[in-house]
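Data block below; observations after.
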Amino acid sequence: MPATTEFDTIAAISTPPGEGAISIVRISGEDSLKVIGRIFRGNDLSKVPSHTINYGHIKDPKTNKNVDEVMVSVMRAPKTYTCEDIIEINCHGGIVATNKILSLVLANGARMAEPGEFTKRAFLNGRVDLTEAESVMDIIRSKTDRAMEVAEGQLGGNLHKLIKDLRQDILEALAQVEVNIDYPEYDEEQVTADMMRDKATSVKKEIQKLLKTAQQGKVLRNGLATAIVGRPNVGKSSILNHLLQEDKAIVTDVAGTTRDVLEEYVNVGGVPLKLVDTAGIHDTDDKVEKIGVERSRQAIHKADLILLVLDASQPLTAEDKELLTATENKHRLILFNKSDLPAALTISDLPDVAASDVIKVSGLTGAGMEDLAAKIEGLFNQGIENSQNDVMVTNARQIGLLESADQSLTDVLNGLDQEMPLDLVQIDMTECWNKLGEITGDAAPDELITQLFSQFCLGK
Ligand code: GDP
Ligand code: ZN
């Protein structure tokens, strides 16, 4: 990575918009201290030690009036988030004061930062790689503690380190081919081919392990689309309310991130469920809900997991049977609700359903909700050998690159099987090396980097 590049000085509000207790205006770049010097009343910040917090006031240099009482953090390059001089003005929350301070900062030598520009500088200055930068975004958006853990692991460089090791392996194999090509008389063709095969096989294995985690990563990132379906009055709303009440940390929208659609999430057993079409469930008296089955079909179609609610105090109705059929081929849990009442329904009434997919619950008493959470967690964990090193692939960009790296290795192995010349096999091996490099940003094209950081929110 190059040494710190010189950039202009940027600023943004880096706390979520709204009435927080405090807001932070962040400035980064070589003029940071000059900018703050023009608008700060207190100690001379150009003389204070690095990484100190300083009390004072922000003044408007034109009127010389105080605007707000503040604490200003001074962090000098290079040991900062961006590797540049950073000033953080902690001011009283509130949109008016914060915006006023930002506009003074902008009028006194800083430029408004683009979304993600602070993190982009951290990347360009070599402090983080792309997987780590992406994890900053994931942390901002994470919906459960577990998703946060995975993102923090990435920020700690887990994925970065693994990919670097894999690239090193490939590089060794490539170097071997070079030797072979340079000294063809030094007859090592077979040795080299064997080494290529070994490396390609072991790297492929690691890549496939990572790809296996991708499904779980996607769920942690985006939530598992879940529909609660059932005919009217079986207890959908009651069950939903229990799920919502037990989860104090429902994330409808993380402040400061930009989501166009407010989605409803509920954390069940550590798995973020993205609830599909709860509108009909929320307002029980809504006539729309009475359309029942037809509406359910749409929700079923959109969902990855179905919670099919039956009223276990009554025999199955034709509508129940229709819904059972409609959800047959989906990931499905069947909730025997109203289990507090005498049962009129047993598992033997559902010949095509595995007993392990049925959970007795009560929307009235809350009974069975823990079993439900455990089941959902179990579904989520199914088929993952939980990797000890906590490396998990979480985003589409990384998944796509891993898939093409994997494909290149398939080509390498096929080439070796067909005894193709090694310098041709080398091309596919190099391609794999490049794809892995794009994941970490060591071989990423400029426009990709620009596009990637533009997805960040302002102030990060
Ligand atoms: P939905 O139409 O499927 O959303 O059903 P609701 O949640 O609105 O419930 C319909 C009726 O069943 C309401 O009177 C609830 O109080 C009642 N109910 C829901 N769950 C239970 C339960 O587990 N046990 C009993 N006894 N009543 C329930
Ligand atoms: Zn309802």
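Just so you know, the numbers here start at 1 and follow the chain as drawn.
Cβ atoms are placed via backbone N, Cα and C, with glycine included.
Just so you know, TrEMBL annotations are computer predictions that nobody has curated.
As the structure is a computational prediction, the values presented were derived from the model and not from experiment.
If you check TrEMBL, you get these features:
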type	residues	note
BINDING	R26, E88, R127, K460	(6S)-5-formyl-5,6,7,8-tetrahydrofolate binding site
BINDING	233-238, 252-258, 277-280	GTP binding site
BINDING	N233, T252, V254, T257	K(+) binding site
BINDING	S237, T258	Mg(2+) binding site
DOMAIN	223-381	domain 'TrmE-type G'
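Known features from TrEMBL, placed on the structure.
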| residue | record | DSSP (3 states) |
| --- | --- | --- |
| R26 | (6S)-5-formyl-5,6,7,8-tetrahydrofolate binding site | strand |
| E88 | (6S)-5-formyl-5,6,7,8-tetrahydrofolate binding site | strand |
| R127 | (6S)-5-formyl-5,6,7,8-tetrahydrofolate binding site | coil |
| N233 | GTP binding site | coil |
Please check each of the binding-site residues R127, N233, K236, S237 and report the ones with a CB atom less than 6 Å from an atom of ligand 2, ordered along the sequence.
K236, S237
In the chain carrying E88 ((6S)-5-formyl-5,6,7,8-tetrahydrofolate binding site), residues 6 or more apart in sequence that have Cβ under 8 angstroms from it:
S14, I24, V25, R26, I27, V72, S73, M75
Quick test of your reading of the structure: among the binding-site residues R26, E88, R127, K236, S237, whose CB sits under 6 A from ligand 1?
K236, S237
Rank the binding-site residues R26, R127, K236 by the number of other Cβ atoms within 10 Å of each Cβ, and give the residue at the low end.
R127
Residues near N233 (GTP binding site) by Cβ (under 8 Å) yet at least 6 apart in sequence within the same chain, in sequence order, are D311
Quick note, R127 ((6S)-5-formyl-5,6,7,8-tetrahydrofolate binding site) and S237 (Mg(2+) binding site): C-alpha atoms separated, nearest Å, by 49
Near S237 (Mg(2+) binding site), how many other Cβ atoms are within 10 Å of its Cβ?
20
Would you report the average pLDDT that the model assigns to the domain 'TrmE-type G' (223-381)?
78
